[in-house]
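Participant: Structure provided below as C-alpha cells; questions to follow.
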Amino acid sequence: MALSGQDWRRHQSHRQHRNHRTQGNHQKLISTATLTLFVLFLSSWIAYAAGKATVPAPLVEGETESATSQDFNSSSAFLGAIASASSTGSGSGSGSGSGSGSGSGSYGLASMNSSPIAIVSYQGITSSNLGDSNTTLVPLSDTPLLLEEFAAGEFVLPPLTSIFVSIVLLIVILGTVVGNVLVCIAVCMVRKLRRPCNYLLVSLALSDLCVALLVMPMALLYEVLEKWNFGPLLCDIWVSFDVLCCTASILNLCAISVDRYLAITKPLEYGVKRTPRRMMLCVGIVWLAAACISLPPLLILGNEHEDEEGQPICTVCQNFAYQIYATLGSFYIPLSVMLFVYYQIFRAARRIVLEEKRAQTHLQQALNGTGSPSAPQAPPLGHTELASSGNGQRHSSVGNTSLTYSTCGGLSSGGGALAGHGSGGGVSGSTGLLGSPHHKKLRFQLAKEKKASTTLGIIMSAFTVCWLPFFILALIRPFETMHVPASLSSLFLWLGYANSLLNPIIYATLNRDFRKPFQEILYFRCSSLNTMMRENYYQDQYGEPPSQRVMLGDERHGARESFL
C-alpha cells in the first residue's frame, strides 16, 4: 500500500528524528571509547614514569655524608621503602648511613622488624634476616644485578609494566593505521567524497598514516630498549621522517581550518576558486613547508647521537636557533592561525543561528496576525534561488540573506557547514509556511551548525592537549636550565603521536558523510556503497528516497491524465 505524500513526509520526519537520536548515541559511544583509550594511555605512562624514576647516584669518595643523606631523603623510591619498614640501626665509623642507620666503608647498617627487605644505601647494601632483628652486612660486590643497578642510581622497569605500556602503544599504532586507512579508502570509493574540499583531509590522513607506519614503531623500540642500537644513519632518517610527518599533520590541520574559514566567510568567491588544481597546490605547499623544517638537521646541522656519558641516543638537533625556527613553524604559528580562524567560524555560526531565529520569529508573528510580511521588521516573502558551484557547495539566496550549504565533510558533525551573509534577511519557502520543506531543511541545517560549534571545541581541545606539552618542552630543553626526566619527555612525545589517532575520529567519524562509508567498509559491504550514499543524500535533500518520489510523481501524473 503506497503512502500519500503527506503521510510519507510525516513518516520521514519521525525517521529522521530517530536517526538523529541514534547518531547522537553513536557519537557518545565514540567519544567515550576515545576518552577511555586516552585515559588508559595516560595512566600507563604515569605508571611507566613512576617506575623509571631514578634514584641518586652512590656516594663517591670525598663527598660529604650530609649531602648524601639530604639527597637520599629527597628520593621518593627510598622513602617508600623506609616507610614500609620501621628501621633503627647503629654502627661505627665516620659516615652516617641512610635513614637512621649509620655505616662505614662499603657497608651500611640497618635493623628491621618486618619482613625481609633490602635497602640500598649510598655505601652498600643492607639486608635483614627473617625472624630475628640481627643485621646482615652484604658487600656491594655480592649483591644481585638489580640491586647493583639500584645502588648505581639506575632502575630496571618491571616486566609487567613494560609489557603493559608496550601493549597500549601497539593499540595506539594499530588504531591510527586503521582509522586513517579507512579515510583514504572511503574517499577513493565514494564518488560523493571525491571533491576538492576533501583533498586536505586525505593529505592529513596520509601524514598521520606515515606517522603510524614510519615513526611510531621505531619510537616504540626505542622506549623498550631504552637506548639506540641502530646506528647514526638510521637515526637521522628516523628523526627526519618524525619531524616531516608530524609537521605535515599539524600544517594540514591548519590548512583545513583556513579552507573552512574561507568557505564560510566568502562562499561565492571561494567556491569558484576551490578547484582540484588549487587544492593540490595547497597540499604541495603543506608538504614543502614540512620538508623545509625537517631537512636542516639531516643536511646541515646534524642530530644528537650520544649523550654526555657517551651512550648511544637518537634525538633531534638541539641547536637553539633551529629549535626556535622548528617550534614556531611546526606548532606555534599554526596554533595561532587555528585559534583565530576557529574563533571567527564560531562567531559566524553563532551569528547565523541568531539571525535565522529572528527571521523565523518575524515570520511566525506575520502568520499569526501579530505582524505583517510587509512590516519593516520582517523581510518580504520571496522565492528561493539555488545555484551549484560544481565543487560541492550549493548557494541559496533567500530574501536579503545569502546562505551556503557545504556538502563537503568538514567541521560539521552532520557533514555540512552553513554560512550566512547579510544584515538579517528573512527566510521563507515558496509556500510561505513554516512547515514547508524549505523550512524543515533550514532547521536541519541550523541544527547541524550547532553541532559544528561543538566539533570546533573538540578539534582545538584535542590538538592543544596533544601537542602543547611537547612543544613547551622543546623550547625549554635547549636552555638547559632544568633537568627533564626521560619518562616525561617520552610521555609528551607519545601524547603528540596520539593526535594522529584522534584526527580521523574528529574529522571523519563525527562526520556522517564518512561515518556511513566507514561502517559499510568495516562490514565488507562496498558493492552498493555509492548507491546507498546517493539515496541518503537524496533523502536528506527531499525527505524521501528516489523510488518513493518517482512513485508519487507517477501517481500524480496518472491522476492528471485521468482528469484531462
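Placement of Cβ uses the backbone N, Cα and C atoms for every residue, glycine included.
Note that the structure is predicted; figures quoted are calculated from it, not measured.
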Participant: Under Swiss-Prot's annotation, the disulfide partner of Cys235 is which of Cys184, Cys188, Cys292, Cys314?
Facilitator: Cys314
Participant: Same topological domain, and so the same side of the membrane, for Gly231 and Leu363 in Swiss-Prot?
Facilitator: no
Participant: With contact taken as 3 or more Cβ pairs under 8 angstroms (pairs 6 or more apart in sequence), are the transmembrane segment (165-188) and the transmembrane segment (237-258) in contact?
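Facilitator: No; fewer than 3 Cβ pairs under 8 Å.
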Participant: Name, in the order they occur in the sequence, the residues of the same chain whose CB lies under 8 A from the CB of Asp242 (ergotamine binding site) and which sit 6 or more residues away.
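Facilitator: Sequence-distant Cβ neighbours: Val211, Val215, Ala219, Ser294, Val316.
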Participant: So what's near the transmembrane segment (279-302) in sequence-distant terms, Cβ-Cβ under 8 Å and 6+ beyond its ends?
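Facilitator: Apart from its flanks, the transmembrane segment (279-302) reaches 196-197, 199-200, 203, 207, 236-237, 239-245, 247-248, 251-252, 255, 259, 316-317, 319, 322, 325-326, 329-330.
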Participant: Can you give the mean pLDDT for the region '9 X 2 AA tandem repeats of G-S' (89-106), rounded to a whole number?
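Facilitator: Average per-residue pLDDT within the region '9 X 2 AA tandem repeats of G-S' (89-106): 40.
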